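What TrEMBL records for this protein:
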| type | residues | note |
| --- | --- | --- |
| ACT_SITE | A:GLU54 | active site, proton donor |
| BINDING | A:HIS52, A:CYS78, A:CYS87 | Zn(2+) binding site |
| BINDING | A:ALA157, A:THR198, A:ASP202, A:GLY290, A:PRO291, A:THR292, A:LEU293, A:ALA294, A:LYS295, A:ALA296 | NADP(+) binding site |
| BINDING | A:ARG186, A:LEU206, A:GLU288 | substrate binding site |
| DOMAIN | A:4-117 | domain 'CMP/dCMP-type deaminase' |
There are 2 protein chains.
Amino acid sequence: MILMADEDYMRLAIQAAKEGHDTWTNPHVGACIVKDGQVLATGCHYHYGREHAERNAINKLTPEQLFGSTIYVTLEPCSHYGKQPPCAELLVQSGFKKVVVAALDPHPLVTGKGIKILEDAGIEVEVGLLAKEARALNPFYNFYYEHGRPYISLKQAITLDGKVAVKGERTPITNAAVKKQVLQERGDYQAIMVGAKTAIIDNPTLLTSKEGDFPPIRVVVDRRGRLLDHLDLKLLQTGPETWVLTLNEDLANTVFPDNVHVLLLPGRKARDIAQLLGEKGIQSVYLEGGPTLAKAFLDADLADDLITYLAPFYLGKQTTNGVNSQETLQLTDTKIQTFNDNIRIYGRIQHV
Amino acid sequence: MILMADEDYMRLAIQAAKEGHDTWTNPHVGACIVKDGQVLATGCHYHYGREHAERNAINKLTPEQLFGSTIYVTLEPCSHYGKQPPCAELLVQSGFKKVVVAALDPHPLVTGKGIKILEDAGIEVEVGLLAKEARALNPFYNFYYEHGRPYISLKQAITLDGKVAVKGERTPITNAAVKKQVLQERGDYQAIMVGAKTAIIDNPTLLTSKEGDFPPIRVVVDRRGRLLDHLDLKLLQTGPETWVLTLNEDLANTVFPDNVHVLLLPGRKARDIAQLLGEKGIQSVYLEGGPTLAKAFLDADLADDLITYLAPFYLGKQTTNGVNSQETLQLTDTKIQTFNDNIRIYGRIQHV
């Protein structure tokens, strides 16, 4: 038998966490239960609506097995009553001797509460083992609770002369390989957002090719209510949920198909949009344009990363420029990938 | 002994051609002399001012060896009297039985004249063997003679928001690895060209790191004579040859150091610049900006390829946009290379 270290058990918990899918607004969490150097069970939060990782692992064992064992869990056990009693209580009741937690709950109002329940019950608690790796399971979830707004990725397809479209026309920029990648990439976010002008000119469906029970919500920002003249857009007719964000009361009172919801914005700024989406529980947004909407987010320091697809040609005159920014923006963690003759340039925006 | 085919002998000639360096305005040419299936000698045009490839190979052999042999040569033997009698005559005098030529002379007024001398003398001549490979030895030379103007590469360093500089300021865009690459790349061209505004704002030296006897000529296009107020620029003081192209008579009458020559343009258009450089024998130009000069060449369909260096950041407001074009420009033969987090995007412009 190979002797395993604490880190190995936590790695098993992280591995287990990755078995979850469609956890939707819930984080990916994994757990690993160990006694006398033996791994007794692993568990994960498998799907939105199903049991948390701790309960999933515990359910695989008998009370005798559980008693006096140690549980490694990638995220602080929850402390609030939801569909189930909180996991921290469950761990106390299960007779664990020790709980090893990788990362604290990112919600500032909740952080440490689960730990406190465990410690108050006399359980030995250790926090921080492989915290970085565990946090990497849920970057958007962490960001959302730490910043109180969704993580926003600004995606743009530009030509070598920095253009995004022929003025007023739907303009193909990228190649088939990039189109496929974008269809896939959308599935990583909880919402796909465009401005009304883009919705009207491109008439996109904003679907993802990634299979899942929770396709991203399509969000159209239409402050002035321009969609009133374009109620036949695909986004407003079929497909998954569409939210129209507006200041226009007429639009709010318009009857739409069941998949369309109109939400009144608290104001006209990017910050108001981010706030509303945050309040609605959206943790991540893939902002696909147009440049005016993107610029509002950039200039408000509300864009977190930049995904640029570059197609090597010049679009020429009578065209729309890509997003620009008020200030110089430095990118970190840049990653360059090619898709045939197109290029994907990723970078995190350094917030000032 | 391995039996060699015609193609193998021509490949040896092409290989030999590559031994030449600093041939300046002369093409790279190689030759291979064969008799009874034996390679007797190879030769090349080794350096500007030295003998042509045919003579170089012939000089290694005795008249007895040469008589009745076959010569493989990558370019049609010359037919004009220069510093030496023409190679075509030399081949006739040397008693060759057969001459195999890869590519014809690209100069439309000369093409076929060397071949004719040989055929008139009763020598068997074959043309076209590995023509494509042989032509690839001298892309700029071929282009120059076929089009009557230099091959023009438009090089630009841009940011992700399509900017090239903060307005009126020398602005570093690319990283150290790109700077090194550009220093090297300049050495592939016979001239490095910039506009007066770029010369004044950036005060560049436009040197190459490539060692050679013929560093590229630095060309500054200054139609209006703005340099008159900036005679202390580095380009106008030291280093290799600088040509100032102007319409301004005062500039033409200004006394400069010996390395600086002022040439009067026949007109103010890109075509006039290309024509003047062509008349002066310049076969290739690396056009480094600024965007106004570059645009003039693009819109006149006088830019042949586009070398874009992209740095992944946003420069922001109060900045100068990169070159744009009147029409949509498609690129072919695109090639993408990364230099750490910077990207080099190469493409040939499809002429309409």
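From the backbone N, Cα and C atoms, a Cβ is placed for every residue, glycine too.
Whatever TrEMBL says is automated annotation, not expert-curated.
Here the features listed in TrEMBL are painted onto the structure.
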residue  : record                    : DSSP class
A:GLU54  : active site, proton donor : helix
A:CYS87  : Zn(2+) binding site       : helix
A:ALA157 : NADP(+) binding site      : strand
A:ARG186 : substrate binding site    : helix
A:ASP202 : NADP(+) binding site      : helix
A:GLU288 : substrate binding site    : coil
A:LEU293 : NADP(+) binding site      : helix
In chain order, residues whose C-beta lies under 8 angstroms from the C-beta of A:LEU206 (substrate binding site), counting only those at least six residues away in the same chain, are A:ARG186, A:ILE192, A:VAL194, A:PRO216, A:ARG218, A:LEU235, A:GLY239, A:GLU288
Sparsest Cβ environment (other Cβ within 10 Å) among recorded positions A:GLU54, A:ASP202, A:GLU288 belongs to A:ASP202
Among the binding-site residues A:HIS52, A:ARG186, A:LYS295, the one whose Cβ has the most other Cβ atoms within 10 Å is A:HIS52
In chain order, residues whose C-beta lies under 8 angstroms from the C-beta of A:CYS87 (Zn(2+) binding site), counting only those at least six residues away in the same chain, are A:HIS52, A:GLU54, A:ARG55, A:PRO77, A:CYS78, A:GLY114
Under a three-state DSSP reduction, the secondary structure at A:CYS78 (Zn(2+) binding site) is coil
Of all C-alpha pairs drawn from the NADP(+)-binding set A:ALA157, A:THR198, A:ASP202, A:GLY290, A:PRO291, A:THR292, A:LEU293, A:ALA294, A:LYS295, A:ALA296, the farthest apart lie at a distance in Å of 20
Secondary structure split (DSSP) over the domain 'CMP/dCMP-type deaminase' (A:4-117) reads 34 helix, 25 strand, 55 coil
Averaging pLDDT over all residues of the domain 'CMP/dCMP-type deaminase' (A:4-117) gives 94
